[in-house]
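Novice: Following this message is one structure expressed as structure tokens.
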Amino acid sequence: MRVFNEIAVVTTICIKSIPQRFWASFSTVVAVGLVVTVLLAFLAMAAGFQQTLRGTGAKDMAILMRAGSQAELNSGVTRDQARLIEEAPGVMKDADGKPLVSPELYVIVDGVKKTAVPADGNLKKAPRSNLTLRGLGPAGIAVRPDLKIVEGRAFKPGTNELMVGRALQKDFAGLNVGNTVKLGNSNWLVVGAFELGGSVFESELWADTPEVQDLFHRQNVFQSIRARLTGPDALKTLSDYAANDPQLKLDVTTEADYYAQQASRTSDLIQKLGWPLAIAMAFGALAGALNTMYSSVAARAQEIATLRCIGFSGTSSFIGTLLESLVLALMGGIVGTLVTWVLFDGLTGSTLSGASFSQIVFTFHLTPAVALQGIILALVVGLVGGVFPAWRAARIPIVEAYGTP
Amino acid sequence: MTGQTLIHLQDVSKRFVKGKDTITIFDHLGLSIPAGDFVAVMGPSGSGKTTLLNLLGGIDQPTEGSITFDGGRVDTLTEGQLARWRAHNVGFIFQFYNLMPTLSAARNVELPLLLTSFGRAERKRRVEAALSLVGLAERADHYPREMSGGQQQRVAIARALISDPKLLLCDEPTGDLDRTTADEILAMLRLLNQEMGKTIVMVTHDPEAAKYARRTLHLDKGRFTERELVA
Ligand SMILES: Nc1ncnc2c1ncn2[C@@H]1O[C@H](COP(=O)(O)OP(=O)(O)OP(=O)(O)O)[C@@H](O)[C@H]1O
Ligand SMILES: [Mg+2]
């Protein structure tokens, strides 16, 4: 109880003296706030990105790619393999008995972000970003029962018509229904826009597979096969079937698992960029915090010495100074979190996906777990920035009490 | 008025080592202060007056010799023991008052009580009594910057008295005050000595201030050159 009283009053003295060093304390708060903002922006991006990819892909949809290819872009599947899958067990059939299998093509094209459109509106001069053009097989729409066409209509097989993902349409220029877009060497007409549960697919352009094969000279080859499964055990049935046929050297997973794996890879990458940057900046903030706290201890040297004279312990000066530093850092952490929340939370961004090398549109998401990491980083800066000055405070000679104020 | 020996310094030496040099402040100094005494210590700057107060108050330790207080050795205590000993036995009064600028008068006076086991209500009662004693009962909620130098010094006296120590150590308590205010403060110290039996050791440059004491010690070159009994 006595020790608690002692520490409480010393801490009160320390914290109430903060306004006496307003600008130094203020700049420490700002510096820590900046560090936290940078970290949280990256982490919120990773979290948002992960959420978008996690929401992608159905559990009852198998995706088949060449063994070991890891991503659709690296995969290649032949027309013969596609035909074998159409007859495979575990694959669902529609009312007419046609298998729900869609061999798909995956081509990188490019487009212009709305933010990159030059003042004169001339898209030819604008910097271009990679986009995914997906060719869908005849059953491509039927295998995706959650698909919603929100504007216009689906492309007609055998034509240069496109459907555009909703997220992509919002973020990229010239993708409204009725627009003509040049992809590769050919012109395409945008006839519809679709939504698919806020997933990665909403960042894609969709067209008819044979048409894409023709215009991009990819005859007889696909990147992946989508196959709708009959039930929970069907994935095993299908992969056993593929394993037993030497012609089918394919990896079989559910679409949901495939995107979950892509998600953790890319969000790991974002975090691996964000943390070192934030930590490098944290050293700058730490220098500021140390400086502020050393000047705080110097300014209070006589007060601390007087308290020691009265009989207060060095420990209470240590803890009081440390808590002052932690309070400043915590304020910085809270400011940083609020700034990130106001500036970034809910903001839409797009980034290169590590796996596909094309743009994926996602929303920054400042989750409580992410915010907590920012607060922890702030407190670490406060702890390290406070412990050395606090040590000095505890070692102030008592005779300092006599000096002039 | 004065009685048994409260403080006894025997063969006390104090040396400071500064780089290669050793400065000897005291060399086998002896001093006895009876309980209830009021001693003024005078002497040129650098003669060791503050150093003497530090030794008496357990802020600094002698290089050699022994210091006893109320029959018990002080010079052998550890730092933590000394802190507790100071809290119970010594009140300090400084030239520049040394109040905490961010605490009210009452909170300043309360500080030494935070080291005791008194509860909140008892602390409040004692703080009020101490502030009344120095005539500042209505100033309890004022901050140091809202008070004159003399008032601040009275708050400091209340703080020094609050845990009822036997010994008050004052280093130039009126050094920063005008004559009239200084006389008020000195009269208050004399009252504390005469009415409450506090033993007081006061360092001063001011011969007028020294007149309030019962006797004056002149310190020069590490020796008391003269002892005169005033009262
Ligand atoms: N911690 C220390 N380290 C080294 N030398 C010291 C220390 N404290 C005091 N001294 C020296 O001891 C001598 C006496 O100092 P002290 O402060 O006791 O003098 P004083 O009589 O109080 O002087 P003043 O009247 O100016 O206050 C001085 O020469 C001072 O420089
Ligand atoms: Mg002195």
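Any Cβ shown, glycine's included, is placed from N, Cα and C.
Because the structure is a prediction, the values reported are computed rather than measured.
The transmembrane segment feature in TrEMBL is assigned to A:22-49, A:273-297, A:318-344, A:364-388. Annotated domain 'MacB-like periplasmic core' per TrEMBL: A:25-239, in sequence order. Look at TrEMBL and you will find A:278-398 tagged as domain 'ABC3 transporter permease C-terminal'.
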Novice: For the transmembrane segment (A:22-49), which recorded stretch in the set A:273-297, A:318-344, A:364-388 gives the largest number of Cβ pairs separated by under 8 Å?
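Specialist: The listed stretch sharing the most Cβ pairs with the transmembrane segment (A:22-49) is A:318-344.
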Novice: Looking only at residues six or more beyond either end of the transmembrane segment (A:364-388), which have a C-beta under 8 A from one in the stretch?
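Specialist: For the transmembrane segment (A:364-388), the sequence-distant neighbours (Cβ-Cβ under 8 Å, at least 6 residues beyond its ends) are 28, 32, 35-36, 39-41, 43-45, 47-48, 51, 278, 282, 285-286, 288-290, 292-294, 321-330, 332-334, 336-337, 340-341, 344-349.
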Novice: Please count the residues of the domain 'ABC3 transporter permease C-terminal' (A:278-398) that DSSP assigns to helix (H, G, I), strand (E, B) and coil.
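Specialist: Split into helix, strand and coil, the domain 'ABC3 transporter permease C-terminal' (A:278-398) gives 90 helix, 10 strand, 21 coil.
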Novice: Over the span of the domain 'ABC3 transporter permease C-terminal' (A:278-398), how high is the average pLDDT in this prediction?
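Specialist: Value for the domain 'ABC3 transporter permease C-terminal' (A:278-398), mean pLDDT as a whole number: 88.
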